[in-house]
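K.L.:
Here it is, the structure in full.
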């Protein structure tokens with residue numbers, strides 16, 4: 001979290017060293033480039049650094065048996081393309097200067113690199129020459145490569161102990177199920193096959209280990225592996241033509257992908273057979289969320305129990321900000337030392353596979369409350385993140401450093417039965433589903449009656465398009481496929497936890513949709529980012545109090561339905577008992593929160609502060625008995641949805657004075673003080689006792705996507 005306070009104080013030795021380096025910069029002019037050497041040097045390249053994906057990192061070069069770095073001077077995207085292709089990727093996406101992936105060590109082998117982009121190796125590019133550099137490691141360059149591999153690419157490297165290992169960049173790995181198991185979703189068991197030079201090949205199991213199976217299962221979204229009936233597979237493989245891969249695999253159990261395991265020459269190719277073995281088979285244990293099923297039809301969504309660790313703020317399945325429960329309070333994890341090993345522990349704990357990414361810098365939104373863990377270090381075999389070592393004394397992390405994960409999830413074939421049609425881009429359109437009718441599969445629309453944001457969220461998640469930004473009940477402006485105009489799904493009601501729209505409650509075969517489909521069909525608009533509104537629970541608890549207020553002072557509030565129903569018969573001289581409190585709503589997400597309705601639809605209110613209401617209901621306030629029965633309720637319209645305060649360095653964007661724009665900027669919060677009308681629950685008719693006070697958010701027809709916050713019992 002914190003930088004050292006004495007970071008600008010240098011010792012005499014440091015000063016002399018820096019002075020010498022500076023003198024080199026000023027006294028020796030940099031040559032533009034030297035001529036290309038007649039015999040290019042033999043080098044190896046790798047990507048290194050912390051907090052990165054496997055296809056990005058600091059560029060490191062092995063020259064004369066020593067690893068070093070590359071300076072960012074004159075480096076460009078053409079040079080990045082050469083680096084990525086030398087590593088077996090199709091090309092580069094971007095490059096970064098100034099040690100984005102951390103400072104390297106040792107030599108800075110190359111400086112002032114100039115590439116055309118067509119070179120076979122970085123050693124072929126023009127440069128100052130190996131070891132000729134006036135740079136520091138603060139200038140180490142990094143690249144981001146495409147995730148697609150060059151088909152059939154092999155990269156051979158030599159480890160420090162002179163034992164030859166092979167870093168084989170395979171194109172793909174799959175679990176090929178037997179014919180009888182292929183209808184089961186997801187596929188959890190079958191032959192392991194590697195795509196090499198465009199062909200699928202089997203692996204000989206003579207040197208195969210359970211750790212290898214653990215990695216294959218993790219890649220495919222499963223937390224673990226289990227045993228299987230070897231005899232049946234041996235009989236099956238004896239009848240099949242085999243095409244073996246020429247390498248053996250040796251995994252430690254912590255790798256993110258099979259290609260990062262140690263590889264060895266197997267000398268088995270084509271139709272050669274294992275002398276004492278057969279093709280490798282794996283059997284994986286799916287998480288409870290992905291129990292195999294014969295059908296993708298209606299199935300009640302499993303609500304996972306996550307007593308110690310949970311993910312929040314992610315738009316897609318298996319991703320989110322990591323939060324842990326400690327002392328009854330949810331808190332976040334600091335990203336110091338956060339890596340794929342710790343992220344994978346989280347993913348497996350929650351029933352997913354290995355981690356695809358260990359995200360830092362609050363990439364999936366900032367959390368609230370305490371930061372429970374810092375400098376986390378995991379072996380990779382812990383059952384829970386809470387079993388990993390962490391520095392209990394390390395302080396100073398802010399929520400700008402919240403750690404997050406993206407996990408490998410099983411292939412559920414969910415996207416094939418849902419599509420968006422007629423939109424201006426792939427992220428929006430009319431929702432169309434594929435269903436069986438009279439023995440054939442047909443596309444049709446979804447009835448828009450009661451269609452809202454929760455249903456739209458499930459659609460966007462199923463399609464892998466992130467968050468829902470809008471839910472549409474009319475889609476006449478999106479001309480979809482005319483043959484799909486008929487309604488094939490009605491009465492849809494989702495809880496928000498479903499993986500697919502088919503898992504939501506709906507009418508089944510007996511459809512009921514008075515408006516019909518076509519122009520009235522349901523539609524959605526999805527987005528990569530979304531607001532994440534979080535209530536400051538502590539402020540509510542600290543500001544709650546009871547007030548007896550005369551009825552004659554509550555006329556405006558009465559007009560806006562902010563009092564209990566019994567107030568309609570109350571005398572103007574009577575009193576109402578109000579449970580009052582302040583609320584503070586933070587936007588910790590990745591997009592500004594805006595009212596769904598445009599300014600033309602806002603409603604002017606003479607009462608209170610004389611400005612426009614942008615949303616009819618912004619938050620709900622409920623008082624519950626200890627068994628969960630609601631005994632009193634209230635609600636808050638957005639009298640003035642604006643940026644009350646913001647984190648340091650973030651300017652306010654929304655202010656509702658003079659009919660201004662309303663909303664909450666990312667990193668800002670809107671505060672409603674306890675002395676504002678309707679910032680209460682009318683408890684006049686509630687008997688004295690212990691109750692649960694709950695604050696929730698209206699999410700069905702708005703942008704808002706947040707959890708309800710339930711507070712501990714309070715006494716009236």
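Each Cβ is built from the backbone N, Cα and C atoms, and glycine gets one as well.
What TrEMBL says about a protein is an automatic prediction, not a curated fact.
So TrEMBL lists these for the protein:
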{"type": "DISULFID", "residues": "71-135", "note": "disulfide bond"}
{"type": "DISULFID", "residues": "84-145", "note": "disulfide bond"}
{"type": "DISULFID", "residues": "115-125", "note": "disulfide bond"}
{"type": "DISULFID", "residues": "251-261", "note": "disulfide bond"}
{"type": "DISULFID", "residues": "378-388", "note": "disulfide bond"}
{"type": "DISULFID", "residues": "494-504", "note": "disulfide bond"}
{"type": "DOMAIN", "residues": "45-146", "note": "domain 'SRCR'"}
{"type": "DOMAIN", "residues": "175-285", "note": "domain 'SRCR'"}
{"type": "DOMAIN", "residues": "309-408", "note": "domain 'SRCR'"}
{"type": "DOMAIN", "residues": "418-527", "note": "domain 'SRCR'"}
K.L.:
Run through the Cβ atoms and count how many others sit within 10 Å of the one on residue 251 (disulfide bond).
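P.N.:
Excluding its own Cβ, residue 251 (disulfide bond) sees 21 Cβ atoms within 10 Å.
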K.L.:
Using DSSP, how many residues in the domain 'SRCR' (175-285) fall into helix, strand and coil?
P.N.:
28 helix, 35 strand, 48 coil
K.L.:
Measure the Cβ-based neighbour count of residue 378 (disulfide bond), defined as the other Cβ atoms within 10 Å of its Cβ.
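P.N.:
For residue 378 (disulfide bond), the 10 Å Cβ neighbour count is 22.
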K.L.:
Which one is it: of the disulfide-bonded residues 84, 115, which Cβ has the fewest other Cβ atoms within 10 Å in this structure?
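P.N.:
Counting other Cβ atoms within 10 Å of each of the disulfide-bonded residues 84, 115, the minimum falls on 115.
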K.L.:
Between the Cα atoms of residue 125 (disulfide bond) and residue 71 (disulfide bond), find the distance and write it as a whole number of Å.
P.N.:
14
K.L.:
How many Å lie between the Cα of residue 378 (disulfide bond) and the Cα of residue 145 (disulfide bond)?
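P.N.:
Taking the Cα atoms only, residue 378 (disulfide bond) lies 28 Å from residue 145 (disulfide bond).
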K.L.:
If you average per-residue pLDDT over the domain 'SRCR' (309-408), what number do you get?
P.N.:
88
